[in-house]
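Peer 1: The structure under discussion is supplied below as structure tokens; questions concerning it will follow.
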Amino acid sequence: MDLLGGINPAVLVASLMMASVPIIFAAIGELVVEKSGVLNLGVEGMMIIGAICGFAVAVETGSPVLGFVGGALGGATLSLIFALLTQFLMANQVATGLALTLFGLGLSSLIGQGYVGVKPPPVDRLDLGPLSDLPVLGTILFHHDLMVYLSIAAVVAVWAVMHHTRAGLVLRAVGENHDAAHALGYHVIRIRVLAILFGGAMAGLGGAYLSLIRVPQWTDGITSGAGWIALAIVVFAGWRPGRVLLGAYLFGGITVLQLNLQAAGARIPVQYLSMSPYLITILVLVIMSADRRRIASAPASLGRTFHASR
Amino acid sequence: MLMLEKRPSPSRFWNWATPVLAVVLTMLAGGLMFALLGKSPTEAIRTIFWDPLFGEFAWYFRGQLLVKAGPLILIAVGLSLGFRAGIWNIGAEGQYIMGAIFGAAAGLALYPADSRLIFPLMVVAGAFGGWLWAMIPAILRTRFRTNEILVSLLLVYVAQSILASMALGALRNPDGGGFPGSRNLSQWASSANPELIAGTGMHWGVVAAMAAVIAAHVLLQRHILGFHIRLAGQAPRAARFAGVSPGRLVLLCMGISGGLAGLAGMFEVTGPAGQIQIDFASGYGFTAIIVAFLGRLNPVGILLAGLLMALTYVGGDNAATNLGLPAASIQAFQGMLLFFLLALDLLSNYRIRLTRKEAA
């Protein structure tokens, strides 16, 4: 394993699973939003609000669990602004999403002022007894905190609901053709608002994971583009939940690998390593969008405003 | 019951009234936010919006106003062309950084030569750097239909990494004792972008911003290309029938906005900022998005919006020193402004009717 400069592959896989958690949460939430026909570009803003809300709640209460709840609530609250503007006031979704990100970045550093340098309450890793002690497999699969498993469960749950329940069918109908769904008697706006709130809560959860476990600390701009990468992963996944997991692990892997290479003192300058996740995201986006079939799988009403004349 | 009725075309009155109303509402909501932070709302609003213009130290702040407004207007004018045509370049911050790096590199390559041609060369290099950086999402969009929003935004992070590596490596001042940062360009006569009229804050970047406003106004009102841009935004299908090539429009709009953002970065690095430094990027590229919308994507409107937004920057600094208000609160304030603006757009696109509920 000289190629990796003395990096233990089992530890690498384990840490890529951790590194992917924020992106998995944010991307699976955004997938539901986009499946309902809404393009919310404010993921970065909702994530960072989730990060600071989760951090603040966890520090004040001393409970990481309440912290995650607070992060989800924070993200959902911010997404409520998006829902209000785009669904009831019919504002442009692209512009509103950008506004959400700009506002979220500003507000988070405003709230976060008093929390710089504070240590959050530690989160225990699950002790799975003998399973955690297994060589290699134990390190990779059974040595994580609860949120790692929850992120995978969230992907499975979204997949199950989306493809095997009536609610999922209705959600997809609204996203494919909102006029037809409206004519069938479904409440387009209500369904979309719920989807937006879910997306906000998931993004907030992902953000809280960043500030509470992954870093764990509060710094301004802590998300550093994770929200945008999550948006790219939804496109990469072709709006399919299973592929979101694949995409997130791919990017988590690149992030971890470049961090490890930095630590191992590779001869490539640090700045070039740290830009690699963004460059590879762009590369993958290009490959995916060059494939016509994949782009055709986007929800047909994505980004279009719905206004019932009757 | 309240009913919304779509107007056949946006109301001209509301189109201009909404920005004003949005500013007023933002002040009210901002006052509330400051009150929550435990500051007196009236004092905060006065410190941000009144004192920089008419207060005791206005002589200093008025100069800062143009320094901040210049890059904002320059970038926003470029962005507005694309936004009108439905082309979303939101990576102006990255193009701004690359413009500064290219401009500075062109100048520093000739250091310490003494020639009047160096500054114009740097201007060209800066615009080229921004243009080049914007061409990446533009070509990917036209060639592979890749979403230009995501690519241009992700490239901002790449540009920031390049900036850091330049400040620490290739462009570092060899006489700087190993500290990060390039030579000071504003202190080298051949590359300096000085204040043209003392006390006004007017530098070549502000001149370029004014020129861009006039050029964009003429382009949109009098030139066929401006007509095509507006047509492509309002009726893409009609534009296609009229022979407008969407790909060419993407390349043009992205190219213009990238070039202008690059120019803004170049004028900033040779003037107010002075050197390539790790923390050179200051978010102008993102704030310019708000400026473009606040100015209704109209060049003259952008001029006014840029001045107003510069005022919030200058006033925000003032409030930070005098009231201990966190610098980030201004960012939240600016975001709020965009929210109100987008919400109030409803009034220009829809008519609100009071109707009685009909019997089913």
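Note that Cβ sites are derived from N, Cα and C of the backbone, with glycine treated the same way.
I grabbed these lines from TrEMBL:
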type	residues	note
TRANSMEM	B:12-37	transmembrane segment
TRANSMEM	B:57-83	transmembrane segment
TRANSMEM	B:95-111	transmembrane segment
TRANSMEM	B:117-140	transmembrane segment
TRANSMEM	B:149-171	transmembrane segment
TRANSMEM	B:201-220	transmembrane segment
TRANSMEM	B:249-267	transmembrane segment
TRANSMEM	B:273-293	transmembrane segment
TRANSMEM	B:300-316	transmembrane segment
TRANSMEM	B:328-347	transmembrane segment
Peer 1: By a Cβ-Cβ criterion of under 8 Å, what residues six or more beyond either terminus of the transmembrane segment (B:149-171) are in contact with it?
Peer 2: 88-91, 93-95, 97-98, 100-101, 104-105, 108, 133-134, 136-137, 140-141, 180-182, 254, 276-278, 280-281, 285
Peer 1: Please check if the transmembrane segment (B:201-220) comes into contact with the transmembrane segment (B:300-316), where contact means 3 or more CB pairs closer than 8 Å and the residues in each pair are separated by 6 or more positions.
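Peer 2: Answer yes, regions in contact.
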Peer 1: Within this structure, do the transmembrane segment (B:300-316) and the transmembrane segment (B:249-267) have 3 or more Cβ pairs under 8 angstroms, counting pairs 6 or more apart in sequence?
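Peer 2: Per Cβ check, the transmembrane segment (B:249-267) does not touch the transmembrane segment (B:300-316).
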Peer 1: Could you tell me what the rest of the chain brings near the transmembrane segment (B:273-293), counting residues at least six beyond its ends with Cβ under 8 Å?
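Peer 2: Contacts of the transmembrane segment (B:273-293) (Cβ under 8 Å, skipping residues fewer than 6 from its ends): 71-73, 75-77, 79-80, 83, 90-97, 100-101, 104, 156, 159-160, 163-164, 166-168, 171, 173, 180-187, 261, 264, 302, 305-306, 309, 313, 331, 334-335, 337-338, 341-342.
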Peer 1: Is it the case that the transmembrane segment (B:300-316) and the transmembrane segment (B:57-83) touch, counting contact as three or more CB pairs under 8 Å in which the residues of each pair are 6 or more positions apart?
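Peer 2: Contact confirmed: at least 3 Cβ pairs fall under 8 Å.
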